[in-house]
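Look at Swiss-Prot and you will find 1-11, 255-277 (among others) tagged as compositional bias 'Polar residues'. Per Swiss-Prot, the feature compositional bias 'Low complexity' maps to 51-70, 92-111, 148-158 (among others). According to Swiss-Prot, the feature compositional bias 'Pro residues' maps to 176-189. Residues or ranges marked as compositional bias 'Basic and acidic residues' by Swiss-Prot: 383-428, 435-445, 635-647, 780-792, 1814-1825 (among others). As annotated by Swiss-Prot, coiled coil applies to 590-655, 706-783, 877-922, with the evidence given as sequence analysis. Under the heading domain 'DBINO', Swiss-Prot lists 809-934, citing sequence analysis as support. If you look up Swiss-Prot, you'll see ASP1070, GLU1071, MET1072, GLY1073, LEU1074, GLY1075, LYS1076, THR1077 marked as ATP binding site. Per Swiss-Prot, compositional bias 'Basic residues' is recorded for 1826-1835 (among others).
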Amino acid sequence: MDQNGYNSSALQRPPRRGDEGCEEDRDSRPHHHHRHHHHHHHHRRDGDLPAGAVAGEAATASSNAGGANAHQHSTFSLRSPKPEYRPPPFSSPNGHNHSHHNTSTSSANHSLQSPPRPALPNPYMSSSTGAPGGPVAPALPPPVGINSSSSPGSSAAGLHQRHHQPGAPAHQHRAAPPPVSPLHPPVAYYPPGTNTDIYIPPPEPKPASRGFYDPTTDTTKERRISDAATPGASWHNANANAPPAGTPKTRDPYSYSQTADQHTPSYYNGGSYTSPRGPSYNRPRSPLSHSHQNPPAGSLSPPGQQPLLASPSVRHGTTANMNPTTNGASAIPPFKSDLAAPSPPKPAPSSTTSRANPMSFDSILSSSEPAPKPKEPSPIIAREPEIKEEREPRRDRESKRDSREPKQTKRSLEPELDHDTEVEKDVETEPEPLPSREKEKEPAPKKRGARKSTKGRASDIRDAATPKNGRRLSVKKESPTPRLPAKRQANGQPKPKTWSAEMEKKIQNAESDIENRAANLDADEFDEQQYKERAQKRRRVMSELDVEYGLSRRDALANTISKKLVLHAELGKRRYDDVFYDEALHEVREQEVYAEKERKKDMQRKRRREKSMAVTMEQKEAALARAEAAEDETERQKHLRDAERASKKAQQTKLILQKGIKGPARNLEINLEGGTMSSFQASDVESGEAGTPSGKRKGKGRSGPRLKKSKEQKQAEKDSAEAAQAALDAGEELPTKEENRVRIKIKKTKKDVAVDSEKDKDEAEKTEEEVVEKKTKKSKDKDKEKVDDIPDNEKRFMSKGYNQIYDQIWRDMARKDVNKTFKLAVDSYATKASNLKKTAILASKEAKRWQLRTNKGTKDLQARAKRVMRDMMGFWKRNEREERDLRKAAEKQEIENARKEEADREAARQKRKLNFLISQTELYSHFIGKKIKTDEVERSTDNPEIAKDAHQTDQKMLDIDEPTGPVIGKVTNFENLDFEEGSDEALRAAAMANAQNAIAEAQKKARDFNNQGLDMDDEGEMNFQNPTGLGDVEIEQPKLINAQLKEYQLKGLNWLVNLYEQGINGILADEMGLGKTVQSISVMAYLAEKHDIWGPFLVVAPASTLHNWQQEIAKFVPEFKILPYWGGASDRKVLRKFWDRKHTTYRKDAPFHVCVTSYQLVVSDVAYFQKMRWQYMILDEAQAIKSSQSSRWKALLNFHCRNRLLLTGTPIQNNMQELWALLHFIMPSLFDSHDEFSEWFSKDIESHAQSNTKLNEDQLKRLHMILKPFMLRRVKKHVQKELGDKIELDIFCDLTYRQRAYYSNLRNQINIMDLVEKATMGDDQDSGTLMNLVMQFRKVCNHPDLFERAEVNSPFACAYFAETASFVREGNDVAVGYSSRNLIEYELPRLVWRDGGRVHKAGPDSQVAGWKNRTLNHLMNIWSPDNIRDSSDGSKAFSWLRFADTSPNEAYQATHQSLIARAAKELQKRDRLGYMNVAYSDTEDANFTPAHALFQIRPRQNRKPLADITNEGILSRLMNVAQGDYDESGLGRLEPAGRPRASAPPIQVSCRSWASEFERSEVLFNAPIRKILYGPTVFEEKALVEKKLPMELWPTRQMLPKPDHEKKGFTNISIPSMQRFVTDSGKLAKLDDLLFKLKSEGHRVLLYFQMTRMIDMMEEYLTYRNYKYCRLDGSTKLEDRRDTVHDFQTRPEIFIFLLSTRAGGLGINLTTADTVIFYDSDWNPTIDSQAMDRAHRLGQTKQVTVYRLITRGTIEERIRKRAMQKEEVQRVVIQGGGASVDFSGRRAPENRNRDIAMWLADDEQAEMIERREKELLESGELEKQQKKKGGKRRKAENSASLDEMYHEGEGNFDDGSKGVSGTATPATAATPADSDSKGKKGRKGTKRAKTAKQRLAIADGMME
């Protein structure tokens, strides 16, 4: 104890943050007491704080928080109150802190992903932050009577607002004081200054509640002034006499003086209690008030003496130090008090007693623990120097250091972020204050404490600069006049206030009275009651908190469990797949092996049969040769029989082979793309012998197979049918069918039946014996006769064979016929018995008829008569029906014969009619050709160096003079022409007349159009010129064109102008890249310049080329005003205003000249386009209207336009029907809808494929002559001299092992023969299956990963994972913390964790662990340095250390340090002994060992220094043989053979305590250990080098060794190998080598694909190879396409352009690329041709090379062959090639299914299929089956077309509508498509599913 009566606690262990089980208790907390001195405090701002102040603030932020109390939840304790209590020390004003206050703070090291466990918040503390500005959130005010922690910020404003609050109950007994937030600023108690000469004016009165501006907060919202935040409120009267909340009373300012004898340390009931305020105390002030001046002399200024004993409030205050930057006001927590300031005579408030002196101490600051009686006062010392800190024991200091959290490598104390934020509560019931002596039994009403503000005030920091003077103000503001609002200065501080002398005197008197009356209180009684009340309140508050937190925990648990269940459900699915995957794979493999075995058996069986057939044929030939050479007739007959037998056997074998090889039974059907997929088996073909080759039953009869009929039975049936037909024709009656005789069986008794059966058996046996004897006798006689006739040398053979055959026949009869005969006999017996029974019944009726002569007989007679009449009527009806059927059959036969004759006559007529139509068209073309001279224009610019095409034949033009006389009338009615008997001259004259009329009509139409424009010109609407009469003129390049046209382009312009002059439409079919766009623009420029025709012109183009057209027109003819007609509906509505003006004159000043739009918008806005009269309509990429059935074709045909121009580089894409549609579009009057002409044009040329004949030369010439005038086509090699030919190379690739496995698996799952047979029959149901199969095979050829991608594999993670932060929201740098947590958590209560629950952790409640640690590890440990030093002399225990080169301190550290610390220290040691072995390597020094290392034998012989001499070269390999051998073995680079099935983070303790979080972070993220394992970072090493730090000061090098496995590393996550991804595909491997070569040579590549999924995979490959690329496919937006093409054209660093063949092959210019690669080819050659011409076009200066990757021996070879055939058709038709064009392999459209099926077969199978098909065709069965199939309507599968399969998810590039539009042509007669579109019941306009043929036609581009 010191002289003031304080118990010294310097040696007591202070509680620390991190101590387990250490719930902060007042009795166990160390306290240092300082003398209170007078200091002048000056206000400082944050920026002006001294270093010591800041350090003090940080160091004392959590001085009272224990390690386990970081989550301070409750201060309730059931332990008995301690008799001893030490008051807390006060920190010095300068911010000096004590060592025992340097406790650890909470570390909020929780990542974004892993929020920490929320601790139970203290109901009496507020959430706080470490910043001195403001709190995290408003905190819950402490309940009445409970201490509240200070403000979150380190300002006194928050302290006073909370501590000086009225209405709080008195401080009661408690086991532990209220906890303080670890981040609260230190509560320092400052002795006030000694200046007493300054007068303080009284403060101005304030309203009860008023908001004020707080400059320290970041909000503009005014805060409410709490009653506790009033000026002058002190700890003494903070809670005294609390008025009702919200109605505070005004206070009277006062000043007082006091002598030293008033500080007698008596307790409450001791009778000598004095004021607890020391003489040197300043009165604490509100943060709203200014610093008060010192009172004048004579006032109650406290003398400069220390009190003998601190007041109970001081002793029971918190240990938190005051922030040195505060106002100097006391931050001691408020305690309940019933004292109130004196007031003028008025009724006392309800919260005070009725004693004479309301300031008595009967209810002031009771403690929860009754303190002992204070001792007598010691002499008062006026001023005493500050007590210095006492040094704590070493153990305590070490424990404190251990309790700190390792934030970085050096542990630093940081302010703790308290995440526990409370909501303020209004406590409904509070303990009543104890009555005074006069009114002990009068209960005081309970009052609710006022709400407190939790925000800090920066004004406190500012007020520190003003001198302070302690003043005490009563909580009761009972001034007679209300206080006015305080005036504020400019900086937000209130103006200073002064006290009146009268008020100070009143206060002095009142306080003296209080001190005198305080001795009569009974402390024991008072404390007991208050203690119980507070305990009861704590229990109530805790129960409420438990309920609240229970709800939150339940919600959190429900969410957690739901997530677990979802996760386990997903994992269960994965486990199921993993468990049964191997089983399924094993089963599939077994089936595959079985199927392969069966297929091999079938092949062996086939080879054996073929060999047997060959041997049999050889035997036949030999037998025939012997028969010819035989002289004897018998021998010759024998040889002939042998030959016949051999021939029959060969025929049977041949039939078996023709039926096909029966494949193995398959239970697994392939279905790789979804949808239903049939399986075709050869068994179906065999079952088809019963009638239908398809093997399908016709009716719903027996489910089993039909009985097979022999060939003889079939022939007999056929003969009988022919005989019956002949009899019918001759009028004879057919013979009646033989009926089985009815045998009546009479029922007998059992005895008779038994007798009869015995007789029957005997007779039957006898009969059989007789029959057998007769037969054998006859047969013997016959055999004998035959044997006699046969030569002797052949008798022995014939008899034996005959007997065998005879026996075989009888065996067959016994096996087959006996059972049937028995069944027939049984049936006949049953029928016989039934008839006999009926006969008996009838006989009995007849016998009794005389007895039944009544009315009933009459009725029966009538019924029988009616029945007889009905039977007769039925008989005659049947008879008449049969006669009628016979008559109809005869009439039908006659009609059929007449139809055949009529068909023959009609065929001849149609032939002449077709000839007439062709002649008419030829004449028209001849007349037009002479005017337009297309042939001259086409070849006038040919390169003379290029030889004439070898296939080009001389066209023999028609030598016909153009008639000059009057034009004969047009023959429109073909019925007037006699095609049967009319002369050829008359037909020719009619054809010439029609041709002339067609020309005249075209010209008249143009003149009418122009004249109409002239007529309308008068009204000011249109202004068209009439250039028709200008004739043939040679024109020059228009000056409006800002470019120089080439010669061939100028010729093309002349041709187009001549077409326009004649009013004829045309097709500009120049090869792609020759400038069709420029030529069409030049025509419009010519019309504008020469004839002042400025439009309107309409350009319709695909959506991808709209921007290109707009740019080209603006570039070449800037004077044209372009209307870009695209966009949304609202945008187009605005654009249409340009042509909706009725009085628009299309001159140069017109609103627009050229309208550019797309095909889709033309169809959607057809009504608006048809209103306009277009001068010229240009259709770019005219193959978009190649189908005359499409809606766009008919919509464009109905537009009002003078001329039409079609631009296409590929006029023929798939068949001639497309070219017919284009010609019909440009000349509807000539190429009209005559079916004969269309059929000849489209089908007759291709029909030769059925018979594999060659095209007729005359027909080809006539076809070319028809096309010549209307179509102008030039090719690049003829007109473009500087553009060389493109080089096309086919690169054949082989299937890899994985691809072969996939391919063979697919082949084994299907039966090619069945597919072909069903496809030949035209079964639509199987067309989807065929297309699906084609897609699967093409996927295999491209890459097997298209079926199944190799995914990233990892063990099953038994852990929780937090959500990953969004890189889009957070940026590139995202803080990713440790968030993995095990699914298994060890729940541990907080009390067990902290309060001695862990016995191995030392703490206040676990003294055993502390005693063990101190005793065993320190006192009784022999490894202490002192003991080692004492035992090192002589031969004592540790004398060996001097030979082991170990000091006592090193030995102590080795036994007391952790393993990682020792390992790091060993790593830092320099191996001096090993290097000595290197230095002293001579023989004489080999055994040299220093004296201090005699026992270190192993380090002396260490070879590691030798191995570490060098790290490279041969010497390094010699010194590290084992490591080099391991590296060369490649074991570290192999794929891991296995991986763990599951992984999980360590199981952790789950405790609602910050201490557990600290320990976890200490274990998992220990900064020193991480630094030791991983070493310095790259940035640190750079800094060390730049700073030139000495090597001995460098940190420890990395201790973590490199992983043994290079690929695996330290993780179990396996990433798929990209190298394997490349080598799994033969195509990709070839492409990899090719791209490497092209890149090195500086080429740029266009890479085309058919499948968008393959483009996705190719992007991964290009990223892997670091090739720069860009991509364009059907899903690319319109605006992005333009930018992508521009980037590739302008940025040479882009190496590859990935394109979809359909999307990237139209209308874009990519001339910067010189290499084109087709990863997979299209079966339409024009699509590929368009794609490669993106680079091979005008502007290309390099040699263009085209590579085509084809997989050898697969379906791709056959698709390529088919494309080449189509290419040849185009060349022949368009260029007029020679007549030797072989169309072998071509198929009619209806046989396209068969072509696709043939692609799936190999060469051997294809040959067999051809042979089988030929046999079926010869036998006529094929036609029968096709007729049967045609009679059935089958519902088409709604499956996707091949085109859609290729480009799934890509979208339609040209945005065209593909709906079938009803009629094919505008003819009057309805076509089948028309009738189909209407459907039944008038369902017009409904969407009908396309048939498989239509889908195939779409895939080939034949229709839309």
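One-based numbering along the chain as shown.
Any Cβ shown, glycine's included, is placed from N, Cα and C.
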Would you count the other CB atoms within 10 A of the CB of GLY1073 (ATP binding site), including those on all shown protein chains? 21
Which residues, same chain and not among ASP1070, GLU1071, MET1072, GLY1073, LEU1074, GLY1075, LYS1076, THR1077, have a CB within 8 angstroms of the centroid of the CB atoms at the recorded ATP site? GLY1209, ARG1737, LEU1738
Cβ neighbours of THR1077 (ATP binding site) where a neighbour is any other Cβ within 10 Å: 20
Kindly state the mean pLDDT of the domain 'DBINO' (809-934) in the predicted structure. 81
Under 8 Å by Cβ from ASP1070 (ATP binding site), same chain, sequence gap 6 or more: GLY1052, LYS1076, GLN1079, GLY1209, LEU1272, ARG1273, ARG1274, VAL1275
Do any residues at least six apart in sequence from GLU1071 (ATP binding site), in the same chain, have a Cβ closer than 8 Å to its Cβ, and if so which, in order? GLY1209, ARG1273, ARG1274, VAL1275, LYS1276, ASP1733
When DSSP is mapped onto helix/strand/coil, what comes out for GLY1075 (ATP binding site)? coil
Cβ density check for LEU1074 (ATP binding site), other Cβ within 10 Å (all protein chains) comes to 26
Given the binding-site residues GLY1075, LYS1076, which one's Cβ is surrounded by the fewest other Cβ atoms within 10 Å? GLY1075
Tell me the coarse DSSP state (helix, strand, coil) of ASP1070 (ATP binding site). coil
Filtered by Cβ under 8 Å and at least 6 apart in sequence, the residues in the chain of MET1072 (ATP binding site) near it are GLY1209, THR1210, SER1729, GLN1730, ASP1733, ARG1737
